[in-house]
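Over in TrEMBL, the protein carries these features:
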- 33-59: compositional bias 'Low complexity' (COMPBIAS)
- 74-549: domain 'Amino acid permease/ SLC12A' (DOMAIN)
- 562-647: domain 'SLC12A transporter C-terminal' (DOMAIN)
- 1010-1073: domain 'SLC12A transporter C-terminal' (DOMAIN)
- 25-59: region 'Disordered' (REGION)
- 654-688: region 'Disordered' (REGION)
- 927-952: region 'Disordered' (REGION)
- 972-1004: region 'Disordered' (REGION)
- 74-94: transmembrane segment (TRANSMEM)
- 100-126: transmembrane segment (TRANSMEM)
- 147-171: transmembrane segment (TRANSMEM)
- 194-214: transmembrane segment (TRANSMEM)
- 221-242: transmembrane segment (TRANSMEM)
- 284-305: transmembrane segment (TRANSMEM)
- 317-338: transmembrane segment (TRANSMEM)
- 358-380: transmembrane segment (TRANSMEM)
- 432-456: transmembrane segment (TRANSMEM)
- 468-487: transmembrane segment (TRANSMEM)
- 493-511: transmembrane segment (TRANSMEM)
């Protein structure tokens, strides 16, 4: 049996025809797994059986024999639209104002923009199948629905105004020929404003009737009208070239025949005051440019063409070239035959000097009528195309057409109504022409921009068969149109751009997503690749450091609040949502394809600026290694890895660390639940986002509690932390984010905030107390402790073992909810045991300050909370010195935060930590000065038989003088430096002021677990749920190799649990490298 699933065949045959028709019929998405992968619910393509049936049904549709060719479908409409009514009514006036040279310059400028637009139009139309909608269809498929829809509406309005302009142009020569006051051929038509409206309305009704019959009838009629226009134009040129000179003083007509003297008199511009306006190149160009438009008339009929990709470029280019030559020829003949005074006063002079005036009148009527007819049907088809794409609710009504040829009946009626409205309020062509110019220039400019971006993006699928263009022609057309808009009439240009911007915003916010694919994605890809190559890791500098966060997410629904918090914390940096699919690659591959679209939809609904990175791996640690090594690109890689705290209910061992808390099983593994974080007056609240997420069909494909396995082993979890640190990435652990408040200032206590000390400390804390007792006993071996003296007050017991009868130790922890809410920073200094003072690490210390400051830069947090730095020392005597140091540090780092001093040993009264108070009381009662020093000296206990415990990290209560001196803050540290040099003790606390002042230091010598218990009591006292919204603090790192031992991993997690239990939302970070600087 063959091992391959497919076989070669000799020919594709009819299947290739079916496939080609399917490509023309559909708009497929990009070849991406989420486009048509198994289980994908977001794919815009139908399933395989439906696709086959649709192909077969499409193949049975007969070819429409009524489609139009290049001549009648493109060339004739474009010629008639360009060679319009302005030729007969305003062309002599243009020559009289601008002269021959100015007229040639004006038309050349206009045709330059028209010509470059034609090249861009030809390139886009030959790069794929063009359907109904013309320029709108091309722009929307290239630049996206926002650009396409906004320009489509503008182009629709411009086409309507062009039709109204031509209807006015139809009436003006009609009255000049047959008006009752001064008709040249008769005086039987009444004149006046309302009569003019009546004549224009009659012409508009005739156009409406023809349009209702069908576009094919319009196209056939255009050939007949083109013949009339050709004869009329030929008669004008023949009259200008061959008629004998004559004068009619009563009509101010002086015709000198074609001669060099008249040509030289009319050679240069002589702008005059006309219509109470001083004419210049700007005002005249506003009248000239509508005579250069109409180039999109053929493209607007794209839905009725046999082969749009072939007909549009050929017909348009020939029409543009022909009309340009005709315009220049007519300008030379007019400038060389008619006196300038006549050109400025007699707007119908071409008819007056014609050998057969009636032919000119018929030609004016023909071109005006056809231009109005083409504008009416063209605008309706544009509106129908926009409606089919469902961009705006109001426009969707016009998507339906009249069978059998899908004629846009509703759009035609609306266009007719708009034209009539314009005719009702406007009586002069010059009032409409500037708007037509602006709308046309805006459409031309965006069309050139689309072609420019397609070429600049370098997309391999942009390979038009029309090759007479490049990016320079497209850029020249775009820039020329943009400049011309504001040079001609800046006010009308501003109105036009404002209208397009309003429609753009409406489509952006209200239109459903489209799968057309736009060039912006290709351009972004091209530019991103280019700049990523320039983003060199070797050139990184701490001055430009920013957090680039990767969070390992297990259940995205439960981690919703944590993800929102980290989105605020990233400060414009990289944000990656990583998820591990545990199992065999082949088994989990369908899950990967199913979940990826759901994750992307999750990012959209949550409104976070994040990337999604999924991986398949046999274990969590290997999967995390894949994410750590593979996430990011070039110099843009995550530098902070965030995990949720591993709660006991998510650990693989179900009986590990049994807890007394009944609600522990209800907590999530990362401290996040998708429920309750809202911002003041958001456009969409978090609750609404969660509701949308739950109702979204893709939400079913997200991983949930059913899909997840039986948890993660402690060693795997700690191993991930070690791997991240080994890759020089900072590590963050988040806990308690289910308590993140709904509204600023709302006090929502944790479910365990009111429990007593006996419940707060679980069984393993009591075991730690026993170890501490053994530790103290071994240190004081020369003087055995007198337990009867230590417990002189028989009613007093250790808080680790329980409170006194009748008392509630938790009462001491209750703090009234103040009105001020804080972001509390606890940058506790870290040191390593048994090393010199140079082993102090301040990467984590400064990272806490940096992240807190970044969070405070977010408007929501800055407006509703106060940034506060908590400075922790052991003795109150050290507080003032430490405050000065930290204030100098914060000033140097430009961090504005309140400072609050916290100490364990006050001058008078009890300590804020009950456990610390108990330890100090016992040491004081049972220890001599010598024994206290032995307790502080770890070397004294090398021979002791104590229970193994983690001692790789030691917390120091003070900011190192050596570190402060490194920042060059103050000369106040020099005294301490001299003391440091005189000391030969290698202990990290040997230079402590408490040591030098004779006050023994206890905290720095305590085992790690006991330190965590003491710190937890301080945190609960000073950063309670009532006062603090979120805590950022230092994360103790695991000892090297901890992740290889389940016992050590369990012990490490126990210590973290002791440190963070019952706290407000807490984010612990351990830094790898400095993230702050004072250098410019």
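Backbone N, Cα and C atoms are what each Cβ position is placed from, and that goes for glycine too.
Cβ atoms under 8 Å from those of the transmembrane segment (74-94) belong to residues 103, 106, 162, 165-166, 169-170, 172-173, 219, 222-223, 225-226, 229, 233, 274, 284, 287-288, 290-295, 297-299, 301, 305, 311-312, 314-316, 318-320, 322-323, 326-327, 330-331, 334, 338, 342-344, 346-351, 360, 363-364, 367-368, 370-371, 374, 429 of the same chain, restricted to positions at least 6 beyond its ends. Within the chain carrying the transmembrane segment (147-171), a Cβ under 8 angstroms from the stretch's Cβ atoms is held by residues 81, 84-86, 88-89, 133, 135-137, 139-141, 196, 199-200, 203-204, 207, 290, 293-294, 296, 300, 364-365, 367-369, 371-372, 374-376, 378-379, 382-383, 385-386, 389, 391-392, 415, 418-419, 422-423, 426-429, 432-433, 435-436, 438-440, 442-443, 446, 450, 496, 499-501, 503-504, 507, 511, 518, all 6 or more beyond its ends. Nonlocal intrachain contacts for the transmembrane segment (317-338), taken as residues 6+ away from its ends with a CB within less than 8 angstroms of a stretch CB, comprise 74-75, 78-79, 82-83, 87, 91-92, 95, 99-100, 103-104, 107, 111, 114-115, 118, 122, 233, 236-237, 240-241, 254-260, 262-263, 266-267, 291, 295, 298, 349-350, 353.
Counted over residue pairs 6 or more apart, the CB atoms of the transmembrane segment (358-380) and the transmembrane segment (221-242) come under 8 Å in at least three pairs, which marks the two as touching. Counting residue by residue with DSSP, the domain 'SLC12A transporter C-terminal' (562-647) contains 41 helix, 22 strand, 23 coil. Note on the domain 'Amino acid permease/ SLC12A' (74-549): its mean pLDDT in the predicted model is 87. With a threshold of 8 Å between CB atoms, the same-chain residues lying at least 6 positions outside the transmembrane segment (221-242) that come near it are 71-72, 76-77, 79-80, 83, 87, 210, 258, 326, 329-330, 333-334, 336-338, 350, 353-356, 359-360, 362-364, 366-367, 369-370, 373-374.
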